[in-house]
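Here's the structure, in structure tokens; my notes come after.
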Amino acid sequence: MVDYGKEFMLYLMDEKCYNNYFVEFDLLDGDCFRALLSKGLGLGIIAGSVLVKVPQITKILGNRSARGISLFSVCLDLFAITIHMAYSFVNGFPFSAWGDTAFLALQTAIIAMMVLFFGGSTILAAAFTFAYSGLVYALMGGLTPLKYLLIAQGFNVPILLLGKLSQAFTNYRNGSTGQLSAVTCFMLLAGSLARIFTSIQETGDQMMIITYGSSSFANLVIALQVLYYWNSDKQKKTATAGAAAAKKPKAKSKKTD
């Protein structure tokens, strides 16, 4: 039982930190604390990422509409996430440093497929699913050299910003955040901010740090829009309900002798 406990702790920290904490009982080692905090944050982000876009997916399903969601933005976001996932996987970075992108990629792909499907393009939705599956295999199955992934990762920042900010522009043009889920937006912002720290601590990769910094900025813009348009969306729903009630014909009262 002790061996299993030690194996688990060695997954969270290296041998040096394990000895500091459990052999020498030195609980004030700053480097070990930062490493343990980073690993814990990374695993927490991965656990959260399993459900981070589920509120968005359920909102689209519940309304059977993807109104207000920019397909262009979703596809650019998906491309950026997928490149980042493949780059980290091929580089051999710890799963705790990038594992959330695997779940984000899956959920973002589902959202893109649903935007196409509820937009009336069933064939395009199916074609997109097969094409994206092939792309993931080509990037992560050893068919794409690392040098090309590094180049693609370099384009990730402008692609990510363009994708996120195009959604922000769509929100501004519509005067509403449409079917965007507030829970998803705030969880993405929290996750990207935490990833800046974990990337510094676990990989030291400047490209990953810059990518998460840019993602945090773009996620912050959209999160602020969600707050700004919150009352606007409620007022529009109330006005729509009132207009529908006004148009409803009143029942004629029967005359009595």
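All positions are counted from 1 along the displayed chain.
Cβ coordinates are placed from backbone N, Cα and C, and glycine is handled just like the others.
The transmembrane segment annotation in TrEMBL covers 69-90 (among others).
Long-range Cβ contacts of the transmembrane segment (110-139) within its own chain (Cβ-Cβ under 8 Å, at least 6 residues beyond either end) map to 53, 56-57, 60-61, 64-66, 69, 71, 74-75, 78, 82-83, 86, 149. Residues or ranges marked as transmembrane segment by TrEMBL: 110-139 (among others).
The transmembrane segment feature in TrEMBL is assigned to 178-197 (among others).
Look at TrEMBL and you will find 209-230 (among others) tagged as transmembrane segment. Through the fold, the transmembrane segment (209-230) approaches residues 80, 84, 153, 156-157, 160-161, 164-165, 167-168, 171-172, 175-177, 180, 182, 185-186, 188-189, 192-193, 195-196, 199-200 of its own chain, all at least 6 residues removed from its boundaries and within a Cβ separation under 8 Å.
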